Amino acid sequence: MTPITVSDVKAADTLDQSLTDCVEEAIKTALDIGYRHVDCAYLYLTEHIMGKVFREKFLDGTLKREDLFYTSKLWNTFHQPHLVRPALERSLHSLQLDYVDLYLIHHPTSLKPGEDLWPVDESGAVAFDSADLCQTWEALERCKGAGLVKSIGVCNFNRRLLETILNKPGLKYKPVCNQVECHPYLSQSGLLEFCKSKDIVLTAFGVVGSPRAGGWVDQSVPSLLQNPVLISIGEKYQKSAAQVSIRYTLQRGAVPIVKSYSPERMKQNLPVFDFHLSPEDMKAIDGLNQNLRYWKFVPWEGHPHYHFHKTD
């Protein structure tokens, strides 16, 4: 894999007009065809676009606030407790919402506080911070208590990090979910079972692969949607490989999230409740697991929590 540097990912600091228009059209299309869970984050720099579309849908009567389930995420530069609520309030302002349904710690790797999403030190290396995640969590609990968010959770936490939160003295609210990369090439079986045992929902990203994620993704990992096992099982049910992977995730008891700008693919990803994979199908897909990750967080390999994604 070609090494990823901070300069490779800093391009996410801005959105050009063409991408802004693309995101706006995509979210409108998704809502129009029936999607109601919108998973976003401060990092994506698109929440002001989401807010514009939501407001339009609320005003024309095609959507009510209670119809929408919106997830946002606390970025790594806002882990210090006094920065958590202002970060959430900034997102709420952009979204033109009074609350979000779910607010997640985006990553356990804390970065130097400031406006720069990708802070670096004088040598150009990633500028880490030593925030205490338990204190970050307490700040999220206060946001929930204030009614700014309905539920709180985490992303990219392994079992050890989850236990750090769960065993925190004075815990008021445990994480309701843990959003991690999970797909047939990376089954996360141990982590999934642990989450189930603690009544934590595992939300899976990368369910159909991550071909458009740019420098974050290891391009050497084979295409999930071209896997012959998924294609063969799909042919049996007249479904696509993507639909099979989504259905597999659902039957394992996880919640899949998928991303697409294509209206046709958005429509194709929805009809996954009209068929059921057999035990033999599930076993065959289980056999695809190789602990292969599309997402590589190489710029953060010097952080104490870098190995959050290495083990269950």
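Any Cβ shown, glycine's included, is placed from N, Cα and C.
The annotation active site, proton donor is assigned in TrEMBL to Y44. Annotation source TrEMBL lists substrate binding site at H106. What TrEMBL lists as domain 'NADP-dependent oxidoreductase' is 23-289. As annotated by TrEMBL, site 'Lowers pKa of active site Tyr' applies to K73.
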Largest tally of Cβ atoms lying within 10 Å of a Cβ, found at which of the recorded positions K73, H106:
K73
Please report how many Å separate the Cα atom of the residue listed as 'active site, proton donor' from that of K73 (site 'Lowers pKa of active site Tyr'), as a whole number.
10
Integer mean pLDDT for the domain 'NADP-dependent oxidoreductase' (23-289):
95
Could you state the whole-number distance in Å separating the C-alpha atoms of K73 (site 'Lowers pKa of active site Tyr') and the residue listed as 'substrate binding site'?
5
